[in-house]
Amino acid sequence: MQNCSYISAVLRLFGTRGPGAGLKCCPWSRCCGMGDFRPRTVWLGHPEKREQRYPRNVINNQKYNFFTFLPGVLFNQFKYFFNLYFLLLACSQFVNELRLGALYTYWVPLGFVLIITIVREAVEEIRCYCRDKEVNSQIYSKLSTRGVCYSILNHQFSSLIPGSCFLRTDQLDGETDWKLRLPVACTQRLPTAAVSHHTKWLLRYEDGDPPVNESLSIENTLWASTVIASGTVVGVVIYTGKELRSVMNTSNPRHKVGLFDLEVNCLTKILFGALVVVSLVMVALQHFAGRWYLQIFRFLLLFSNIVPISLRVNLDMGKMVFSWMIRRDSKIPGTVVRASTIPEQLGRISYLLTDKTGTLTQNEMVFRRLHLGTVAYGMDSMDEVQSHVFSAYTQKSGHSYLLSPAATKVRKTISSRVHEAVKAIALVHCVTPVYEANGVTDQAEAEQHYEDTCRVYQAASPDEVSLVQWTESVGLTLVGRDHNSMQLRTPSGQILNFTILQIFPFTYESKRMGIIVRDESTGEISFYMKGADVVMAGIVQYNDWLEEECGNMAREGLRVLVVSKKSLTEEQYQDFEARYIQAKLSVHDRSLKVATVIESLEMEMELLCLTGVEDQLQADVRPTLEILRNAGIKVWMLTGDKLETATCTAKNAHLVTRNQDIHIFRSVTTRGEAHLELNAFRRKHDCALVISGDSLEVCLKFYEYEFMELACQCPAVVCCRCAPTQKAQIVRLLQERTGKLTCAVGDGGNDVSMIQEADCGVGVEGKEGKQASLAADFSVTQFKHLGRLLMVHGRNSYKRSAGLSQFVIHRSLCISTMQAVFSSVFYFASVPLYQGFLIIGYSTIYTMFPVFSLVLDKDVKSEVAMLYPELYKDLLKGRPLSFKTFLIWVLISIYQGNIIMYGALLLFESEFVHIVAISFTSLILTELLMVALTIQTWHWLMIVAELLSLACYIASLVFLHEFIDVYFIATLSFLWKVTVITLVSCLPLYILKYLRRRFSPPNYSKLTS
C-alpha cells in the first residue's frame, strides 16, 4: 500500500499537463490535452483506488460505430441533393392524386442505390476495424501482484528501472536514429532485482520518510508506437488511448467528399431547376386550368428522369472499379485503397505536400566526401585515406610525430593531416557501440573482445553513425564508450584510450557540438568541435577555401560539417573547468553564462576538414518529382528536421532545380521583423522558399493572406521544424486560399493529421510503420509509385467518371425530351409515354452495361501518360466535366430526343403502340450507337456489353406485348423506320465529331496518331 503512495508522489507532477501541452490545434483546447490540468495519481497494483476514469487503451480509425453506422450512411447519402429529391419523389407515390405508375418503378431504383452504398461502406468499415484490431492486439509484459499477464501495447509511460535504454521512434516520426531514455533520478539507485518479478518489491516507502517529488522531462518518458531498441524497461503507464500525444496531434477521421461529387451535385441542381421550369411551362400552356397545382406535381413526377437516379449508383460502382484497378496494378504492388469514394481526386491535384524523412529519404546516411582544403577524397579514393591512417599508426616516425605537441609548429604532411581529421571525426560525437549476442558469441564475451560482428552503433543522429562507420572503414574503429571514457582501435589492433572530460551537445540554436578529451597514452588534452559552416566560419582560423567548398558540397545535396581542433594545456583546461562549473551553479542567466564560458574556448581553432554526408533518397524520387513538376503540381516539403538538413535534401532530390534560387526566410519573432522579411521575399522571382516552423507561425499570425499569396507563387516550398498540427494547418490554408485540391504524403505518425486534412491522403508503408498508411485514403509502398497513381489512375478515374456521368445525364435527358414532345403534342397531358417495365428496363438491362463499360475506356496508354505528364495538367482546369461540356451534352440530348419522337410521330401508321415500338427501339439503338461512337479504346468487355444489351432487348420483346405490338416489329416497315430515325439522330453528330478531331484535335490525340 505505501509503495503505491510513493509512486503517486513521483507521478503527480507529470500528470499536471496533458501530453499535448503546448500544442493547440483548434479553439477547443481540450482536444489537445490542454483542458485538464489536474494532477494524475497512478496507483500501482491497486486499480480499485483509482478516483477518475481514463480512456480505453485502444485506437480507433473508424468513421462509424455499430449504432451510428446506418444513420450516418443514410445521412451522408441524403445530404446529396438528388438522393433527397428521389426519396421525396418515391414517398409522393403514396398519394393517390400524384401516382403515375407502380410503386416499384420509384422504390426499386432508390433501394438499389442505397443497398450498393451501404454494402460498400460496410466493407470499408469492416476492413478498418480489422486493421485497428491488428494494431490493438499487440502485446507487452505487464507486472501485477499475480505475476505476468498480457495486454495492449498502445500507451506512453514513465521509466522507473535503473540504467538507461535506447528508443526507436521510426513508426512515430520516420526517424531511424535511436533516442536515449533515462529512468527517474530517484530510482537509479535501486538494484535491478528490486523490479524483476513482483510489483510489491518495486519501491519501499516508510512512514516518516520525506515525500519525494521528481519533475520528469522528455528523457524519462517512452511514447506510444515506439520500440525499445536496447535495454529493459519497467514503467508506469500514464496516458492511454485518445490521450496519447500522437492521437491528440491527429484529427478525427472525416467523411471526405470529392470535388467531382460536388460538381455533379451542382449539375443535378441545375437539372432540377430545368425540371421545375419545364413543369411550370407545361401548366402555363394549359392556362393554369383546373387544379393546376396538382398538375405541377404530376409533371414534376412525369419529367423526373431529367434528374437521373442511376447517376449516383453508376458513379459509386465506377469508383469501386477504379479502386480495384489500382489494387491490381502490378507496376505499383502493395498499393491499398482505403477510401474508395475519392479516386477522381487523384486526377486533379494541384499541391502535393510531402514529409521528408522516410518518404523522400531512407534516413540512411552515407559518407561521401572528406575535404582538407588542398585535397578532397571521394568514394572512389577512400583507399588512399585508409593507407594514410594505416601508415600513421604503423610507421615509427609517424607515431612519434603524433605524440609530440611541438610538431604542430612543423608544416604537416598530407598523411598527418588525413590522420588528424579521421581521429577528430572518430572522437567528436555522441555515438555508443553496443554489443549483442549473435548466436556464436554471447554479449559479455563480445563486449570484452570488441567483436566486430556483434557491434551496433547507437546515436541520436544517423549523421553521427555514418561518420563513425566511415572511420571504421578506413581503419580507426570506435570499440567502446561510457560516460567517462572512449576506446578506439587502430589498424594494427592497438587500443587507444581517451578520457572524456566535457561534452557540449548539439543544439538547434548553437548548430555545433564539442568534446574535450585526454589521450591516456600522452596526457594531451584536445578540444574537438564540429558544426555547420555558418557558425564554424567565425570560430576557426582564417582561411580562403571554407566558404567556397561548403557551397560546392551543399549544391551537390551533401550535409556539410566543419571539423576543428584546439590543443589545451593542463592549466588552460583547469581554468576552463573552474569557470564552467561556476557558471553551471549560477541561479540567474545560467544558460547565458555557460555559453559564454564555452565560447571562450571557441576561438582560433584549427580547421581540420569538411565532411559531406548524403541522406540516401528513396528509389526514383528525382524522376518522380520531375514528373509531378511537369504535370503542373507544386510540391511542398513539410518536415520536422532542421533547416540545413531540409535544404540539402531539397537540393539532392531536385525539389529545387539547379537554376532556381533559394530564399531562406530569416528567423522572425515579431510583427515588424515578419513585415520586413516578407517585403524582402516579395522582391524575389521564381525563387524557392525555405522557412522554419517558428517563423511560419509568426507570419501566419500577422500576415496570413500575404504570406500564402507569396508562397503559392513559389515553384517549391520547404517548411522545416514543423509540428504535426502546423502541417495540417498549412494544408487547410492552401485549400482555403487557393481552392485547389491538395494531396499529403507521409509515412510516420506525425504525418497523420496532415494526411487526414488533405483532400487526398497517401501513406507510405515501409519500415517506419503503418500509422500513416492506416489513416490515409491510399497506401503505397514507395514514393515513386505516386507518379503512376496520379498520372495514370488519377487521370483515368477522373476522365472516365466525367464521361460516365455525362452519358447517364444524356440518357435521362433523351427520354425526358421525348416525354416533353409527347405531352405537348397531346394537348399537354400529364400521361407517361413509357410505363412499367419499359421505364425501368431502359436505364438498367437495356443500356446499363454499355454505358457503364465506359469505365474501361482510355484515351492514351499508361506508358504515354507517364511519358507526357503534361497531359495531366489539362485536367487541372476541370474541362472533362464543365458547364461547357454539360451544355453540349444537353443540346445533344434535346436534338436526339426530338428527332426520335417526331420521327416516330411522323412515321407511325395507325395505332398508338406503334409510336411506342418505333420510338423506344430507336432510343435503345441510339444509346448503344452513341456509346460505340464515344469509345476511344475498345475492350472486349465493351463489345460483350453492347451485344448483350441488344440481345436482352430483342429477347424481352416477347414479354412486352402489353406495351409493344410484337407482330409489327417483325415487319420490314418497322425496320426501315427505326433505321432511318437512328441514323438521323446519330450520323450528324459523328460527322461533327470527325471534323473537330480533324481540324482541332485534343492533345492526347496528337500523341496517339
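Every residue gets a Cβ built from N, Cα and C, even glycine.
According to TrEMBL, the domain 'P-type ATPase N-terminal' annotation covers 46-106. DSSP labels the residues of the domain 'P-type ATPase N-terminal' (46-106) in these numbers: 31 helix, 0 strand, 30 coil.
If you look up TrEMBL, you'll see 66-88 (among others) marked as transmembrane segment. Tertiary proximity for the transmembrane segment (66-88) is limited to same-chain residues at least six positions away from its ends with a CB under 8 Å from its CB atoms, namely 106, 109-110, 113-114, 117-118, 121-122, 125, 255, 261, 265, 268-269, 272, 304, 307-309, 311-312.
If you look up TrEMBL, you'll see 100-119 (among others) marked as transmembrane segment. Same-chain residues lying 6+ beyond the ends of the transmembrane segment (100-119) with a Cβ under 8 Å from its Cβ atoms: 70, 73-74, 77, 83, 86-87, 89-90, 93-94, 298, 301-302, 309-310, 312-313, 316-317, 830, 832, 835-836, 839-840, 843.
Taken from TrEMBL, the feature transmembrane segment covers 262-286 (among others). Sequence-distant contacts of the transmembrane segment (262-286), counting only residues of its own chain at least 6 positions beyond either end whose CB sits under 8 Å from a CB of the stretch, comprise 80-82, 85, 292, 295-296, 299-300, 303-304, 306-307, 311, 315, 805, 809, 820, 823-824, 828, 830, 878, 881, 886.
Under the heading transmembrane segment, TrEMBL lists 292-315 (among others).
Note on D751 (Mg(2+) binding site): other Cβ atoms within 10 Å of its Cβ, all shown chains, come to 37. Per TrEMBL, the feature Mg(2+) binding site maps to D355, T357, D747, D751.
Per TrEMBL, domain 'P-type ATPase C-terminal' is recorded for 774-1001. The domain 'P-type ATPase C-terminal' (774-1001) scores a mean pLDDT of 88 in the predicted structure.
Sequence-distant neighbours of the transmembrane segment (808-828) (same chain, 6+ residues past either end, Cβ-Cβ under 8 Å): 267, 271, 278, 282, 285-286, 299, 302-303, 305-308, 310-311, 314, 834, 839, 842-843, 847, 851, 886, 889-890, 892-894, 896-898, 900-902, 905, 919, 923, 926-927, 930. Positions annotated as transmembrane segment by TrEMBL: 808-828 (among others).
Same-chain neighbours of the transmembrane segment (834-856): 101-102, 104-105, 108-109, 305, 308, 310, 314, 317-318, 321-322, 800-801, 803-804, 807-808, 811-812, 815, 916, 920, 923-924, 927-928, 931-932, 934-935, 939, 941-942, 945-946, 948-949, 952-953, 956, 960, 962-963, counting only residues six or more beyond its ends whose CB sits under 8 Å from a CB of the stretch. Marked as transmembrane segment by TrEMBL: 834-856 (among others).
Taking Cβ pairs closer than 8 Å, the transmembrane segment (886-906) reaches residues 267, 270, 806-807, 809-810, 813-818, 820-822, 825, 915, 918-919, 922-923, 926, 930, 977, 980-981, 984-986, 989 in its own chain, all 6 or more past its ends. The transmembrane segment annotation in TrEMBL covers 886-906 (among others).
Same-chain residues lying 6+ beyond the ends of the transmembrane segment (912-933) with a Cβ under 8 Å from its Cβ atoms: 807, 810-811, 814-815, 818, 833-834, 838, 842, 846-847, 850-851, 853-854, 896, 900-901, 903-905, 946, 949-950, 953, 963-965, 968-969, 974, 977-978, 981-982, 985-986, 989-990, 993. Here TrEMBL flags 912-933 (among others) as transmembrane segment.
Look at TrEMBL and you will find 940-960 (among others) tagged as transmembrane segment. Here the transmembrane segment (940-960) has Cβ contacts under 8 Å with residues 837-838, 841, 845-850, 852-853, 856-857, 921, 924, 928, 931-932, 966, 969 of the same chain, all six or more residues outside its ends.
Taken from TrEMBL, the feature transmembrane segment covers 966-992 (among others).
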Neighbour count (Cβ, 10 Å) for T357 (Mg(2+) binding site): 28
Protein Cβ atoms within 10 Å of D747 (Mg(2+) binding site), excluding its own: 35
